[in-house]
Amino acid sequence: MTASIIDGKAFAAGLRARIADHAAAFEQAAGRKAGLAVVLVGEDPASQVYVRSKGKATLECGMNSFEHKLPADADEATLLALVEQLNADPAVDGILVQLPLPAHLDEQKVIATINPDKDVDGFHVTNAGRLAVGLPGFVPCTPLGCLMLLKDQLGNLSGLDAVVIGRSNIVGKPMAQLLLAESCTVTIAHSRTKNLEDVVRRADIVVAAVGRPEMVKGSWIKPGATVIDVGINRLPPAEGESKGRLVGDVDYAQTLEVAGAVTPVPGGVGPMTIAVLLRNALVAAHRNAGVALADGAL
Ligand SMILES: Nc1nc2c(c(=O)[nH]1)N[C@@H](CN(C=O)c1ccc(C(=O)N[C@@H](CCC(=O)O)C(=O)O)cc1)CN2
Ligand SMILES: [Mg+2]
């Protein structure tokens, strides 16, 4: 068997095109553009790339992008004051603080300062609670992107066995909540799970989000299962390479031989993260401006 390759890059491009159409309609209805503010503290090279991509994608969708950069040694009071200023700014519909923050800053405290109705990352405890009890709120971008790919691939997920490997607040836990809301039977596996291979082998859906390169082997996968690889790991450069290869948490070559469908790395889940961020920002704009957006439009 050779698995279908789930093209997250193409799906994300389609979503961004729909967002652009809705952003134009929003501007007509509200008399202003939707606005997304992104805060970067420090000079982490990967974060700089992500923030640049977010700004570019926001403008391409016809929304305003507000970028705020603070030095790596910025103190907590300065960062919290900036977040408060963005909370109060009516031109800003969504606020995102790029993670990870420098070690001296308390991520939870910073996230808690963001107005939950502008928290387009869905990291605020209010939004985590809304997701847990099934109230409307903002859902973290990466797991919502994974769910969109799964529904596009499989249609109705009801009754399927799903295993989420990883229990982070940003991916694992919200992913499990989303799958539960689709009536999957959900297992959250993690570093202490016993017989992980056997747990994975039962699953119709595997979401790997552990941050360990190629940890999930093809022999663990139930034939025909759908495998979503959230990992983005850079291997050490092989001889003659200037940069190491990017791999996921799943052994892709092995999984292709067994699974029904699998996301590649790069080009699978990663591009969905930014597309869903734009989606969340536009949803925030509609809510903030009191402009209707049809359920399921985005
Ligand atoms: N405040 C947030 N911080 C972080 C988030 C987040 O959602 N909110 N997620 C990650 C980083 N991230 C966006 O911020 C992100 C990661 C990866 C990609 C992506 O498109 N990856 C590509 C490969 C990129 C490469 O070549 O290195 C892919 O998988 O195809 C987009 C966004 C942590 N911080
Ligand atoms: Mg910290």
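For all residues, glycine too, the Cβ spot is worked out from N, Cα and C.
Under the heading domain 'Tetrahydrofolate dehydrogenase/cyclohydrolase catalytic', TrEMBL lists 6-121. Here TrEMBL flags 140-288 as domain 'Tetrahydrofolate dehydrogenase/cyclohydrolase NAD(P)-binding'. Per TrEMBL, NADP(+) binding site is recorded for G166, R167, S168, I232.
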Around ligand 1, within a Cβ distance of under 6 Å, which of the binding-site residues G166, R167, S168, I232 show up?
I232
Around R167 (NADP(+) binding site), which residues of its chain at least 6 apart sit with Cβ under 8 Å of its Cβ?
K173, I188, H190
Other CB atoms within 10 A, centred on G166 (NADP(+) binding site):
23
So for I232 (NADP(+) binding site), how many other CB atoms are inside 10 Å of its CB?
18
For the domain 'Tetrahydrofolate dehydrogenase/cyclohydrolase NAD(P)-binding' (140-288), what's the model's average pLDDT?
97
Starting from the Cβ of S168 (NADP(+) binding site), draw a 10 Å sphere and report how many other Cβ atoms land inside it.
17
